[in-house]
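Here's the structure, in structure tokens; my notes come after.
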Amino acid sequence: MTNIRKTHPLIKIVNHSFIDLPTPSNISAWWNFGSLLGLCLIIQILTGLFLAMHYTSDTMTAFSSVTHICRDVNYGWLIRYMHANGASMFFICLYLHVGRGLYYGSYIYFETWNIGIVLLFAIMATAFMGYVLPWGQMSFWGATVITNLLSAIPYIGTSLVEWIWGGFSVDKATLTRFFAFHFILPFIVAALVMVHLLFLHETGSNNPSGLISDSDKIPFHPYFTIKDILGVLFLTLTLMTLVLFSPDLLGDPDNYTPANPLSTPPHIKPEWYFLFAYAILRSIPNKLGGVLALVFSILILMLSPILHTSKQRSMMFRPLSQCLFWILAADLFTLTWIGGQPVEHPFIIIGQTASILYFSIILIILPLVSSLENKLLKW
């Protein structure tokens, strides 16, 4: 009798995706982040669902409802901090996942890559709206500043901002719609993840060498399910250590003050995972220019397949490109640091230099160095 997992219409899909999936035998731990992102999404949806049962999206009660969750709901503090720090773990895994894709040339599968970038935008939008919900000082002012950026769009900007706000400032209407979108977006993200996997399984996984690995593939289960469990243990350990020992480490103290439209915090800044983009935004003195730079700092990833000039897919055998990649990584750390600093000397010039370097490496230097490596290979 044929095994049910190979014949049943539903189980067959799971089988082809996670059990009998032919996987390159040499993929490293950098390929663990896909499954970890799936785990993060599940954690976020489950904790978010339980938080939504007790949260009220009204400006008068939002802040106190979060306080009520932490004080009065059974393990409410645990659910709240798992959700808040789970977002941080989500973005750590996301950035490492994208970095892996850039390093090993995974962007050559451009449908998978582009859907991944759409996913990145969707998750960023979800996280931004989630940060507004506790209705603390940084929630309110962060929402005001970031939504106000849309007013830089010529002609329709001001009307667009007021339409998003649902009034003439960030208020009850804004909070209610942000809660609605924050609730629905993770499910849209889950659907996009399915499409992401669909396209990935059309081509099969890339591997560290960047070479075709059809002749050397092994089943996903048990080899990589076991390998993924190690990543799951590390992720769970890190998340729970953060939640149980220092839950506010990555948060902002200003968000423990209820939102007050009459008092502006001295330094308005988003969560740490948006600081690199925020630094790029602030480094351009023109409002519209800053907004465009902010959008293109992520959108530029879509150009990776076009800008690939090397004859080799992966950076594994390209030492010059490797150096550039790690300079880019250091540059992103610098931008993250600058995004959290006040707008004054020397931070302004450091931010501007780091922003120029970020775009230069991706658009100009990396393609040129890749071409040079092609020439060196012929010698």
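Each residue's number is its place along the chain shown, starting with 1.
Yeah, the Cβs are placed from backbone N, Cα and C, and that goes for glycine too.
As recorded in Swiss-Prot, the features of this protein are as follows:
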| type | residues | note |
| --- | --- | --- |
| TRANSMEM | 33-53 | transmembrane segment |
| TRANSMEM | 77-98 | transmembrane segment |
| BINDING | HIS83, HIS182 | heme b b562 binding site |
| BINDING | HIS97, HIS196 | heme b b566 binding site |
| TRANSMEM | 113-133 | transmembrane segment |
| TRANSMEM | 178-198 | transmembrane segment |
| BINDING | HIS201 | ubiquinone binding site |
| TRANSMEM | 226-246 | transmembrane segment |
| TRANSMEM | 288-308 | transmembrane segment |
| TRANSMEM | 320-340 | transmembrane segment |
| TRANSMEM | 347-367 | transmembrane segment |
Top Cα neighbour of the residue listed as 'ubiquinone binding site' in the set of binding-site residues HIS83, HIS97, HIS182: HIS97
Positions on the same chain near the transmembrane segment (320-340), where near means CB under 8 A and six or more residues out: 99, 102-103, 269-270, 272, 274-280, 282, 310, 347, 350-351, 354-355, 357-358, 361-362, 365-366, 369-370, 372-373
Structural state of HIS182 (heme b b562 binding site), classified by DSSP into three states: helix
Candidates 33-53, 77-98, 226-246, 288-308; stretch with most C-beta pairs under 8 Å toward the transmembrane segment (178-198): 33-53
Long-range environment of the transmembrane segment (77-98) - Cβ separation under 8 angstroms, sequence gap at least 6: 30, 33-34, 36-37, 40-41, 43-44, 47-48, 50-51, 66, 69-71, 116, 120, 123, 127, 130, 235, 238-239, 242-243, 247, 250-251, 271-273, 301
Spatial separation of HIS196 (heme b b566 binding site) from HIS182 (heme b b562 binding site) - C-alpha basis, Å: 21
Listed in sequence order, residues with CB under 8 A of HIS97 (heme b b566 binding site) and six or more positions away: PHE33, GLY34, LEU37, GLY116
Spatial neighbours, same chain, of HIS196 (heme b b566 binding site) - Cβ under 8 Å, 6+ residues apart: THR112, ILE115, GLY116, LEU119
Site of maximum Cβ density within 10 Å, from binding-site residues HIS83, HIS201: HIS83
